[in-house]
Amino acid sequence: MSIQTPEAPTTLPPTAAPDTANRSRRSVFVRRPFFTIALIVAVAYLVAAIFAPQVAPFDPVQQDFNVMMQPPTVGHLFGTDSYGQDILSRVIYGARFALIIGIFAVLIGAAGGLVIGLAAGLSGGGSEWALMRLIDAILALPSLILAVAFIAILGQGVDKVVIAVGLSMIGPFARTVRGDVLQVRVQLFIEAAQLMSIPYLRVVWRHVLPNVIFPLAVQVTIRISEAILVSSSLSFLGIGVTPPTPDWGLMIAEGRDFVSFAPWMSAMPGFALALLLIALTIVGDGIREEFDPKLRKDP
Amino acid sequence: MTLPPHAPDAPVQPIFELIEVEQVFEVPKPGRPLFSRETVGLRALDGVRLSIRKGTSLAIVGESGSGKSTLLRVLLGLDKPSGGRALYRGKPIGEARARGTGFARDVAMVYQDARGSLDPRMTIGAIIAEPLRHFNIVPREGEAARIAQLLDRVGLPADAAERFPSGLSGGQVRRVAIARALASEPSVLVADEAVSGLDVSTQAQLLTLLQSLQRDMGLTLAFITHDLGVASYLCEEIAIMYLGRIVETGPTDAVLKAPVHPYSAALRAAAPQFFEPLSEPLPGEIPSPLDLPKGCRFSTRCPVAQSDCQSKDPQLGKLGSGRAVACIHPITQA
């Protein structure tokens with residue numbers, strides 16, 4: 001057997017040159033029109049929330065008894081509520097609370113889920129069993145019920161709602177993280193790293209964690225809407241944030257008694273909430289499908 | 001290809017020495033009742049004798065299920081053999097591995113699934129930098145240069161360092177795996193089917209690369225393969241495995257030219273030849289290692305088996321000129 005070959009090819013396949021990568025990234029917005037629209041809506045909410053004082057026409061808690069329960073007019077685009085507060089302004093400020101609660105609650109849930117999921121996935125044996133039964137116990141209750149329980153312990157207020165909703169979301173996050181860890185830790189590159197006698201914790205840090213964090217980040221974007229929904233539900237039940245904070249759930253609850261003759265009081269914040277949730281869900285799904293590690297060719 | 005000059009009597013310590021190594025896995029007994037915990041021993045390795053001298057290149061050849069990969073895991077110290085002794089430079093492998101990074105640095109591995117052995121979230125540069133940093137091989141400033149040098153050594157352009165494994169072809173990922181293995185400046189390179197599943201021209205390039213690496217850097221090479229052609233091209237010595245035992249070893253050319261064990265002869269005959277019809281394959285399947293045949297393990301399929309083959313289990317015995325065979329009635333060349 002004699003082989004005469006030149007020493008190796010010195011060219012790489014002409015895939016993923018920088019400009020083609022850019023082109024495919026740009027075309028995401030063309031390929032996914034719904035994703036684009038949803039992203040625009042979500043960004044609009046974000047901008048409105050950040051610049052609420054500039055965007056809102058009125059002070060959200062300013063009461064004006066001359067214009068109580070007015071239907072939508074040019075002056076008050078979304079109408080006014082039973083205290084004469086401008087509903088549009090309250091909806092805009094409400095976006096602030098919704099997004100703050102949603103984002104921070106999900107971050108708490110993701111951080112807690114990451115720790116528990118990693119520990120469960122890596123430990124194995126009895127401690128894994130114990131951790132998974134703990135997660136199962138958390139998962140057995142819907143996150144709303146769990147959040148109600150935490151509120152009962154913590155008390156009311158925006159910060160308490162963030163913590164309660166965050167804690168109640170640890171379960172699902174932990175389960176997905178554990179699943180990913182179980183998948184990653186049997187991969188060959190983990191064994192290859194251990195073969196180099198790299199200490200175990202370093203292998204976890206350098207190889208397991210990065211391969212788990214990305215799917216987790218995708219989960220985070222998807223679950224923000226769930227956190228917002230749970231927090232609004234808490235407010236609707238009257239155990240979340242306290243009046244007169246302009247919170248959507250609270251506003252829907254306040255308008256409930258007048259729904260037969262002033263439907264805009266509940267409808268406007270309800271519509272705002274629904275639109276944001278739909279937009280966030282579409283954006284989250286789009287990100288997942290676009291950046292799913294299993295479908296990705298070159299990051 | 002000639003054998004390296006070595007005095008057969010000089011007490012040269014081999015790099016690896018396996019003495020009667022056994023590896024028995026406890027597996028659920030087939031057909032056990034639902035709640036029974038009965039297990040049965042699966043002899044993946046059974047009385048393996050092997051020594052790998054410094055600077056040599058050894059091909060370990062055998063069918064699927066013959067214990068090649070188990071042998072490899074023992075060599076790398078990933079599994080402790082359940083019987084016998086596995087020595088690395090005279091010390092048990094497990095001990096050598098536990099005693100710091102020396103063993104890990106000296107013995108590098110190229111996986112069969114090269115893509116799976118590279119972290120998909122790291123760039124090629126980061127992958128190669130990992131052993132460089134871990135073993136403190138170059139100062140941080142010299143790292144990029146060393147990575148470029150290693151990539152060049154395996155025939156990849158320097159800009160490959162910026163790429164991710166997913167952006168490279170099958171042959172290129174294997175080169176990356178080899179570059180990473182070389183990064184720790186090992187003296188032993190263990191490769192598991194490093195060229196299988198590639199197209200022929202890529203295979204040839206990789207073989208040329210491995211051979212020149214072995215020659216230039218004085219590497220000791222343990223190469224697992226099922227391809228006799230690859231073995232004969234790359235390796236001076238060959239060890240043929242059947243059902244967890246090495247049945248014949250010796251210089252590759254001599255063994256392939258005149259196989260002494262009937263199994264080696266059958267393997268040799270089964271390799272496809274140009275312009276020739278395929279020879280009659282061996283009858284039957286490889287027996288289950290759960291239920292080894294009595295006597296010689298090859299007796300059930302051996303074309304020249306005799307009655308005493310069913311009762312006596314032959315051990316690997318010296319045959320002269322560096323060869324050894326485990327057979328009671330070895331084929332003698334007419």
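Each residue, glycine too, has its Cβ placed from N, Cα and C.
What TrEMBL annotates here:
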type	residues	note
COMPBIAS	A:1-10	compositional bias 'Low complexity'
DOMAIN	A:95-284	domain 'ABC transmembrane type-1'
REGION	A:1-20	region 'Disordered'
TRANSMEM	A:33-52	transmembrane segment
TRANSMEM	A:97-122	transmembrane segment
TRANSMEM	A:134-155	transmembrane segment
TRANSMEM	A:261-287	transmembrane segment
Same-chain residues at least 6 beyond the ends of the transmembrane segment (A:33-52) with CB under 8 Å of its CB atoms are 92-93, 95-96, 98-100, 275-276, 278-283, 285-286
Could you tell me what the rest of the chain brings near the transmembrane segment (A:97-122), counting residues at least six beyond its ends with Cβ under 8 Å? 45-46, 49, 128, 131-132, 134-135, 158, 161-163, 165-182, 185, 204, 208-209, 212-213, 216, 219-220, 223-225, 227-228, 230-232, 241, 245-248, 273, 276
Which residues of the chain, 6 or more past the ends of the transmembrane segment (A:134-155), have a CB below 8 A from one of its CBs? 116, 120, 161, 163-165, 167-172, 174-175, 178, 226, 230-231, 233-234, 237, 239-240
